[in-house]
Structure formats: structure tokens, C-alpha cells
Amino acid sequence: MALQIPSLLLSAAVVVLMVLSSPRTEGGNSERHFVVQFKGECYYTNGTQRIRLVTRYIYNREEYVRYDSDVGEYRAVTELGRPDAEYWNSQPEILERTRAEVDTACRHNYEGPETSTSLRRLEQPNVAISLSRTEALNHHNTLVCSVTDFYPAKIKVRWFRNGQEETVGVSSTQLIRNGDWTFQVLVMLEMTPHQGEVYTCHVEHPSLKSPITVEWRAQSESARSKMLSGIGGCVLGVIFLGLGLFIRHRSQKGPRGPPPAGLLQ
């Protein structure tokens, strides 16, 4: 990918070289250095396509004129920059070229040549449901939907009970930054679970082709114990079945050795 440099940056660099290479005044005992600087800054808003370009012109460490793409024209920062700002704003070609540098410089350098449609990194969320307290059925409780490690920040999390959206008793934390550009959020639902009810956390995010749905089913302790016992029994059954087949296979092979003498005649 070729790095694009705003055209006015090259002009500023030429000015710097001309100023620094100017001959020393004859008869002077010391040199005076004048430095003109140009800074091009691109600002990217997380999770959006919005890009802002700011170009700053600096003379001897003092900014004197600036272009801000949100403003759309040059503005003098000091009186020194007023003539330049007025002149550049009066030249349609200069303004058009500078405005285009939001795409030709900022967007180009961020996206690269392989894509022109996606400015943002996408990370799919991980979703899990937990119960805040271990309580029996028919007692007030809180379900917590943990949505973690997603980017960008825009996300929609909803709760459903038996297929119907729940809006009462729903609360959420603020978005939490993980420090690696990804986010996490907790969305809580206050409820009183009853036997057989199904609660669903429904998550929509730009990284997903279809929403993520995670279910939690209200079960009594006895039903949960029976289910776990059944799962454990199935696992043990598979283990013993495999062991029995292995032993049978080994026993069918029999000892290896030469055939009986009668078969050799």
C-alpha cells in the first residue's frame, strides 16, 4: 500500500527547505533559523465511517493557519495566517483538493487498497447467561446476560420470556472498555422464574450476519438433578459400551501361531 501524503504537505516542505537554505546575511555574526511546519491529522470515530481531517501550518512553533474538514475552509489562527487563509479560500481548486484529502489521504491510509467499503474492525461478541442468586423457583431473582469482547461499540441486547420481549425490569451497565478496543456490557433482567419458562438473551451487532440468542430454562432442583444424572448415566454407558466392544474384539483375534500339522498335508 502506498502511503498518500497531502499535496499541501509537499508545498510546506519546499518552503522549509527554501527558508533553511537561505544565505547568511553578510556582515552578521550569527545565523537566524526560521522553521515552517505542516501537520496533517486524521481523526477516526470508533465504530463509524466518520473521518475528520485537520491540517495545521506552524511558523516558529506557533500555529498560524488551519484547515478543518468539519468547517470546510481555511481559518486564520493568528494575524499572520489571515492572508494565506483568505487566498486559499478564494481558490476553488485548492479548496476542492484539500477537501478531497479526507478520502485520498486519511481514508486511503486507514483502509488500504483491498477494501473501500469497510472502515471498521469487527469483533463478534461472546454471550453467556448466569443467575445472580441460586434460589428456588417462584422467588424473585435476576438473570445476567454478559456480552463481551465485541467491536464496534454499537450493540443491541434484548430479553425475551417465552418468545415475548421483556421491557420491564431490564437494566444495563455502561459500556466497559477492555483496553484492546473491544467492549463488554452486562444486561440484567429482574424476574420471578416459574417451572418451564424459557428466557432468551437476544444480541444484535454489526459483526453478526444474524443475531445471537442464548436460552436459560427455569427448572426445579429435582428436575435439574434428574437431568444431570441422566447425562452422567449416558456418558458412563458409552464408556462401558466402548470398553466391552474393545475386549470382545481382542478376544476374537485369538493367539497367533503356525497352523495345525494336519492342515499342512
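Glycine residues also receive a Cβ, built from the backbone N, Cα and C atoms like all the rest.
Checking the candidates Cys42, Cys145 against Swiss-Prot, the cysteine paired with Cys106 through a disulfide bond is Cys42. Candidates considered were Cys201, Cys234; Swiss-Prot assigns the disulfide partner of Cys145 as Cys201.
In this structure, the C-alpha atom of Cys201 (disulfide bond) lies 38 angstrom from that of Cys42 (disulfide bond).
Averaged over the topological domain 'Extracellular' (28-226), the predicted model reaches a pLDDT of 86.
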